[in-house]
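Trainee: One structure follows; several queries about it will come next.
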């Protein structure tokens, strides 16, 4: 599997038909999920209508973390096997992942205001998501500033991996610090305990976000491959071969 | 070989090439600005301010960690001379600790007087800085190694290092505060020492890998 898709040509072949599937099913499921979340599902007893923010917020936070984990995994594969496609995947995941992190932070604040009476609380979870955003920014900045493509990919992979190892430590310390400073005043509604009417839109939205993340990443990877091809000056014989393909 | 590089670094520092003076001036200026912005003496904020000042001042001097030697070719020469990557990193880390971080920690008690900290608070802060220093050096080394090939990476260095240093900052200031009641045996000091060990274990190999990536033919 890992070596099979090290060939960009083979990957492009797969991505050509996988990308539209991701894109259209993301659109469909997000539309269905949003309709369920915003109109069809009932308001929650304790939180009232503000519970609808959850359907946008919780999947965003999940996707943000899933995207970073995928970056770290892809970076490991790229670092150990110098796998070109893993490298593209890591790079293409960064912008959607960072965007989901921002979305999670913004919707979290908007939800916090009516529920806790404050936009921001130095709660362990919120603080570590904010730190995750800065880790994303650092990761993307490495890609930006290092001009040489291969060197950038090695350095970015190292950055992603050391960030990944540190995330549990950061999360633990922030939680420890938080409980020391302020007794726990907040409890989020725990998602597994949700009623089925609330769980259905949440599950749909989570699936939709995942597909959207997949679509954005695939698009990013295809664009990277295309621009790498455009940058390369092909020898005449090679051009003929690419056209034949 | 570590000793040879170390002697070279110390000699360079003695001749004023390490920018220790600038870092010290920045740290003093930072405390002065905090004093003014926060309205005079702020003893309760003292440990946090000193930790911030030391961290930021150390990060400002980051481009002298590997960058200068990368650009002059000194790192490549050390490599050609058969020095292992790990020896270079260890020697560089020790010299950064001695020439940049240690002076900052040593002046912090005097700067603490500006914000009217008490004797115990000052002792606690200096001890916590000393115990957290290995972590600061190790993560600074990682960032400096990642950016070794860059001409200027000042702001980026801070953005890359700060998330890694957050746990150290948390336990460092907590340890400084806990010193008054629990002394050196406080659990925060042990956590801080643990974080330092983790940072060294992670930071040294990572720096070696990053330097290798910056050195190799692309």
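Any Cβ shown, glycine's included, is placed from N, Cα and C.
The domain 'Cytochrome c assembly protein' feature in TrEMBL is assigned to A:5-181. As annotated by TrEMBL, transmembrane segment applies to A:21-40, A:60-81, A:93-112, A:124-143, A:155-174, A:194-216.
How buried are the listed features, and what sits near them?
Mentor: Taking the domain 'Cytochrome c assembly protein' (A:5-181) as a whole, pLDDT averages 86 in the prediction.
Sequence-distant contacts of the transmembrane segment (A:60-81) (same chain, six or more residues past either end, CB-CB distance under 8 Å): 2-3, 6, 87, 89-90, 93-94, 96-98, 100-101, 103-104, 107-108, 129, 132, 135-136, 139, 153-154, 156-158, 160-161, 163-164, 167, 206, 209-210, 212-213.
Long-range contacts of the transmembrane segment (A:93-112) within its own chain (CB-CB distance under 8 A, at least 6 residues past either end) are made by residues 50, 53-54, 56-57, 60-61, 63-64, 67-68, 70-71, 74, 118-121, 126, 129-130, 132-133, 136-137, 139-140, 143, 209, 212-213, 216-217, 220.
Same-chain residues lying 6+ beyond the ends of the transmembrane segment (A:155-174) with a Cβ under 8 Å from its Cβ atoms: 68-69, 71-72, 75-76, 78-79, 87, 90-91, 124, 127-128, 131-132, 135, 138-139, 142-143, 146.
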Trainee: How about long-range neighbours of the transmembrane segment (A:21-40): same chain, 6 or more residues beyond its ends, C-beta under 8 Å?
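Mentor: Those are 52, 55-56, 200-202, 204-205, 207-209, 211-212, 214-215, 218-219, in sequence order.
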